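First up is the structure itself, then whatever we jot down about it.
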Number of protein chains: 2
Amino acid sequence: MNTIKVAILGLGTVGTGVYKLIQKRADVMERTAGAKLEVKKILVRNMQKKREGVEQELLTDNWKEILEDDEISVVIEVMGGLEPAKTMILEALEAGKNVVSANKDLIAEEGHVLLDTAQKNQVDFLFEAAVAGGIPIIRPLKQCLAANDISEIVGIVNGTTNYILTKMTEEGMDFADALKKAQELGFAEADPTADVEGLDAGRKVAIMASIAFHSRVVFFNVHTEGITKITARDIAYAKEFDSVIKLLGVAHNTENGIEVGVYPMMIRKEHPLASVRDSFNAVFVHGDAVDDAMFYGRGAGEFPTASAVMGDVIDVVRNIGYGCTGRISCTCYKDLPIKEFGQVKNKFFIRMQVANEPGVLAAIAEVFGDHKVSITRVVQEHSAPEAAELVIVTERVKECNMQEALKALMEIPSIQEISSIIREY
Amino acid sequence: MNTIKVAILGLGTVGTGVYKLIQKRADVMERTAGAKLEVKKILVRNMQKKREGVEQELLTDNWKEILEDDEISVVIEVMGGLEPAKTMILEALEAGKNVVSANKDLIAEEGHVLLDTAQKNQVDFLFEAAVAGGIPIIRPLKQCLAANDISEIVGIVNGTTNYILTKMTEEGMDFADALKKAQELGFAEADPTADVEGLDAGRKVAIMASIAFHSRVVFFNVHTEGITKITARDIAYAKEFDSVIKLLGVAHNTENGIEVGVYPMMIRKEHPLASVRDSFNAVFVHGDAVDDAMFYGRGAGEFPTASAVMGDVIDVVRNIGYGCTGRISCTCYKDLPIKEFGQVKNKFFIRMQVANEPGVLAAIAEVFGDHKVSITRVVQEHSAPEAAELVIVTERVKECNMQEALKALMEIPSIQEISSIIREY
């Protein structure tokens, strides 16, 4: 029975989870993967920091010690960030080591370089943990659904914002309170920008779109909007429309290019994504053969993420045993254009405050008509004798037309405020 | 570029789907799997039957023609049933051919023989399509979640019964009407026994439990009950209890054995399985690292099932290319006991018709107390002056104690009828 020696880069939350899980599953690893697993080195920045339950002699702050150790055949990169992770991964791959990574920031920007380098060296570069934490999604897309032409991938891939929106929906909290609560519970960071502005979700949707559509999509291609402007009033309207508001990462493979964005959307209650609550994540996929499919689970956390990392590691161990590392590499063999966001079509929910005077609705309808925006629904509520709240729901219209229409609306003096613009799924 | 030649055994719904999907994806197969795929032979029973869109010269009714053709390296078994499928699969594996199968009946009874034979011959035996149609579940369990100790697997794995229960819940239909509608739409067969009695679901849960718990579970081990006794009245009570009724395949890995059964259960509305509607399937998994995860999609149908079959075929093609067929074989390395069903604990919902006279509730409570059944909830409704409907919800109690208690209840003269016994998830 072989022993496979691994190195872990980074001993934060995920790194610690991976280390513990390797210890915990040492006994079964031989039976399921065909080899023992031994952590030989752990790369840390601070050698002085006390780390409960980790053997001190495994720690090193010298990358070369790992890189030049020929006994180490698997490198688990869980430190995150672009550098030095990128350089280390590339060096490891060039040295013939297999790499398992959870680094969404890096993969969403430079995934192709890493995958190409792995392929050149016939080693594995696997990254199930980079998208949606513990949820199996990369392997299902690359293998189980490989015979499908996937046209759509839509995901709730940020637990922080889903927790906040769930609290707003179920407990009537406003955004600030829900964010505060998420921070208290450790679901949101002190600086929540990457989560609440949709950047984290944007990286994940870029990775998923690349794999689903077999064509390179990077974070830069993703139009991102966050949830900071969502109000309790919008949530109430969603309920009235038998919908909920979710921050969705949306990618479509259309005839004239890939559409990819992250933004809050109203989604019908019957849709399986609508019932994904709290900090859970889910990814919904439509393929021409499989039809609709959805993958649900924990999108983050020490052990859920370690579960995904270790699933990859076990696969690498099997591949080493069978001499077939590198058997699945980059699947982006197409070069599809990315559609300019202005050309993407969406339905819109627009809530505005208007003066309660004759002709306002006619003026608004005219502006929409001029910009090719068809209206499907109008709800008007009188909040005060002289003011009214007007909600307009549109047909699917081009983003650029909607932007132009909104600019024109701002010119109408009786429109006091455009309070919300939310897309509908 | 290699060409991999395959044979398809059976040209029913799934076989036709597989054939069509291979033709449809011929162009991309080289890019994603590294080799072309060519259907060389299709085994059919009736050579005379006209088959639209299939080249007549591919058909054969002679198994030996396929078995003895050394060019054929992958056999796709989609004919179903125990024999001759078993013999053919074993012969194919012994001849060094890889086999992909969608045959749940066979795998739920003889899976270990097939897997052992594959392992001995270092070829692949893959069967993603045997459970939950197009939904990726076997590969996620065997690979993505391989580092988990999985304690629970619960699934809606029969589309027919889920469709029927959805119609009963959402449209107030009774069982007979909903079944008739399912038959009209082709969701249920003329003889619906295997579906409505939970046998089909039982086979799938046996396969999933084997893989999830690394220990052999066969169909014979599964306690099965169907949905034929569920009434509109039960559905209404479920609603009142903020629940829905679903036919669940339930498997638990407990300290004193594996529990495995299929029966209708009331499940809380917030649970992700509760919102799985119509003929969709879903499998919910709890692992110690990943926490909760769920896999949702189409559990049957020509193309969803073909999607799963082809995902496996593409994997085999990759393995052939890398010379690593047989890299994942049987993962049942434990030999866990199966718990006798009487020892399994469940919560129960019991609905009965009783005479409206003093002392009835006391007598019932005494019987339950005598059999160690704790009651958590009692609802009484007067349907007529002299009769009442009594609903009792229990704590978790042993199945054998509940059976004894029910026998004793039948002895009480004022109990006119025990109308329903439904477990609670």
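Backbone N, Cα and C atoms are what each Cβ position is placed from, and that goes for glycine too.
Those TrEMBL annotations? Automatic predictions, nothing curated.
What TrEMBL lists as active site, proton donor is A:Lys204. Here TrEMBL flags A:Leu9, A:Gly10, A:Leu11, A:Gly12, A:Thr13, A:Val14, A:Gly15, A:Thr16 as NADP(+) binding site. Positions annotated as NADPH binding site by TrEMBL: A:Lys104. Residues or ranges marked as L-homoserine binding site in TrEMBL: A:Glu189. Annotation source TrEMBL lists domain 'ACT' at A:349-425.
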A:Gly15 (NADP(+) binding site) and the residue listed as 'L-homoserine binding site', distance between Cα atoms, whole Å: 18
For A:Leu9 (NADP(+) binding site): DSSP state (helix, strand, coil): strand
Which same-chain residues, if any, lie at least 6 apart from A:Lys104 (NADPH binding site) yet have Cβ under 8 Å of it: A:Ala130, A:Val131, A:Asp200, A:Arg203, A:Lys204, A:Ile207
Extra residues within 8 Å (Cβ to Cβ centroid of A:Leu9, A:Gly10, A:Leu11, A:Gly12, A:Thr13, A:Val14, A:Gly15, A:Thr16), NADP(+): A:Ile8, A:Gly17, A:Val18, A:Tyr19, A:Val78, A:Met79
Of A:Thr13, A:Thr16 (the binding-site residues), the residue whose Cβ has the fewest other Cβ atoms within 10 Å: A:Thr13
Helix, strand and coil counts within the domain 'ACT' (A:349-425) (DSSP): 23 helix, 37 strand, 17 coil
Least Cβ-crowded entry, counting other Cβ within 10 Å, from the binding-site residues listed as A:Gly10, A:Gly12: A:Gly12
Candidate with the highest Cβ count within 10 Å, taken from the binding-site residues A:Leu9, A:Leu11: A:Leu9
Count of other CB atoms lying within 10 Å of the CB belonging to A:Gly15 (NADP(+) binding site): 27
Number of Cβ atoms other than its own within 10 Å, given for A:Glu189 (L-homoserine binding site): 13
